[in-house]
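According to TrEMBL, the protein carries these features:
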DOMAIN    155-576  domain 'Myotubularin phosphatase'
BINDING   Asn326, Arg327, Ala328, Lys329, Asn351, Ile352, Cys413, Ser414, Asp415, Gly416, Trp417, Asp418, Arg419  substrate binding site
ACT_SITE  Cys413  active site, phosphocysteine intermediate
REGION    590-670  region 'Disordered'
COMPBIAS  614-636  compositional bias 'Polar residues'
Amino acid sequence: QDEETQHSLECIQANQIFPRKQLIREDENLQVPFIELHGESTEYVGRAEDAIIALSNYRLHIKFKESVVNVPLQLIESVECRDIFQLHLTCKDCKVIRCQFSTFEQCQDWLKRLNNAIRPPSKIEDLFSFAYHAWCMEVYASEKEQHGDLCRPGEHVTSRFKNEVERMGFDMNNAWRISNINEKYKLCGSYPQEIIVPAWITDKELESVASFRSWKRIPAVVYRHQSNGAVISRCGQPEVSWWGWRNADDEHLVQSVAKACASDSRSNSNKLMNGNCSRDFSNGGDLSDVEFDSSLSNASGAESLAIQPQKLLILDARSYAAAVANRAKGGGCECPEYYPNCEVVFMGMANIHSIRKSFQSLRLLCTQMPDPGNWLSALESTKWLQHLSMLLKSALLVVHAVDRDQRPVLVHCSDGWDRTPQIVALAKLLLDPYYRTTEGFQVLVETEWLDFGHKFADRCGHGENSDDLNERCPVFLQWLDCVHQLQRQFPCSFEFNEAFLVKLVQHTYSCLFGTFLCNNAKERGEKHTQERTCSVWSLLRAANKAFKNLLYSSQSESVLYPVCHVRNLMLWSAVYLPCSSPSTPADDTCAPYPVPGSSPEDQPLGRLPKTRSFDNLTTACDSSVPTTNRRSSDPSLNEKWQEHRRSLELSSLGNPGDDPFDGDSLSKQGRAPVGAELSVAAGVAEGQMENILQEATKDDVGLEEHLRGGLETVGKGDEIALDKKRTENLHG
């Protein structure tokens, strides 16, 4: 009752807590050039050279003659004056915006305004997500409508821990238990309140282990292979220091993880051991490319039955040199002599400072005008794709250990909140098709990134007084880039499309939603962000057709084994490369609440603005629009496709009461049967699609490359379009 009263009080006082600011116009005839969100108030409207520029408490909006820039303020990293009359805005997602003014004085005025607007908040309530939520609640409360659920994540997110324990089939009777030692975050402020540990490990032992692990981040189990019972654990580095400290409880806990896997009742029968087949890198050296390829090719199915626990793999994301150097700062790595039946592999992944430097080089390259002639060599020099390759290799090594060798894995870096979630979350994505669904991906992000304390506020720069640039790094963006690489290699394995990832990149920084605020769950609980802000999953929900991958088939590969070499990776042009017009998110059309003067039907959630490939991607996916309007660039492929589509429509009739498949263009008479796993448009299964493509490409040598580009285009999000010249060439 008290919470409801407090909530009602906040709604009533929204206009007092977040009052609208007085609009200042440089010209009395100027009007605000966009529809404001709830709680948004425009402060300045003026004229730039050939453009109208407006600044609100949420966004910078620049309306040119033929294009529009619409960027959230927190997405802007820096603003500087160039060439006297030009403002140069650098964004955190790699975009660069340029705006020309007529006079030096006007340029300086806007420079001061923008620098004040993008400064890190002195208190978290200064971020727009709080005003947005408060005004939304007030507006809909006054209309006596129940819209509170619109800004909340689903039950699959709020009850994720319990659901995941049941779904993965942990044996909670004999092998594992849920420890509440971190209740109210009394042990570790950056860990969840409930963690899974071996059943015989006591809380007293966990306290001892916490004193030996960096930031008290003890080994915690986060994933169980449902077929063989092998688990993935994560933690911080051991605090060995130059003194070579040991901790008997820590050594016992690590060995107990392997023993718990062996005693897991669900995986005990026919348990296989592959210790002789897996390569051992416990000599302390880093894993080279040759050794990596060899380890994967030599690993095979188990050859002998065993009763002893499998050899646990400790994957240290750092290089051996970096791990040893950390001993000078009180850290270090596990000594194999003290951890029997364990091997340690050092992956040699770069730290946040190297990743930040690489990203800055990439941004500089991608925003050069005109397009540099040495593009490929310059791209290589940024080392961005090399870093992605190393991350993918690390995750794939975990997948091979768990899925093929049936071995438990313990992953850590230095503190365990940057490279560790990258590796663990990517490995889980490869291992488990559930995480490749929209709901499962939400659970994955909430669990591995938010619950286990990735420092979003520091890394993104939107925390209270987060002025330290050395703490900023696009760690989460780098991981999303790897997910995008997987989407390209496995286009039928993900329920969500590329637009989903692009929008997630934008809202990682935008602060329209409260999902990625603060550095850990403890801080978010203290600031009550869940009650006072909207969740990004209210936008990126499974029912939003704009983010549905029409190629998705749940019958695709269960475990993904991607190619990790640099030559197989592609630059994420949808995020990093500018379009022909200035490109930024159109967030006025991507909020969980409709804007004033419109209805939800008129303005669907998360709709995509116009692109050069389709008039409107959302319209193209709408069931009311025939898919025949959506033609492939290749006529022969389109003909074959439409023939199969019509035949499948006739064979996919279901019950009259069934809801049509979102994004389908089924005939009026035909509906997809409930539970039918369909892929593109009318539901072509993966095997059928493969046959179609093979038949349609017999006489077309260059179609493979075209298809790769076509698949990319279908999934692209806001203001991302296919290059016109490339399209014309394909038609030719």
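Using N, Cα and C of the backbone, Cβ positions are placed for all residues, glycine too.
Sequence features annotated in TrEMBL and their locations in the structure.
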residue : record                 : Cβ contacts under 8 Å, 6 or more apart
Asn326  : substrate binding site : Gln237, Arg318, Gly332, Cys333, Ser414
Ala328  : substrate binding site : Trp242
Asn351  : substrate binding site : Arg318, Ala322, Ser414, Asp418, Arg419
Cys413  : substrate binding site : Gln237, Asp316, Ala317, Arg318, Met349, Arg419, Thr420
Asp415  : substrate binding site : Ser214, Trp215, Arg217, Gly236, Gln237
Trp417  : substrate binding site : Ser190, Arg217, Phe452, Gly453, His454, Lys455
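In this entry, Asn326, Arg327, Ala328, Lys329, Asn351, Ile352, Cys413, Ser414, Asp415, Gly416, Trp417, Asp418, Arg419 make up the residues listed for substrate, with the farthest two CA atoms of the set 21 Å from each other. When averaged over the domain 'Myotubularin phosphatase' (155-576), pLDDT in the model lands at 90.
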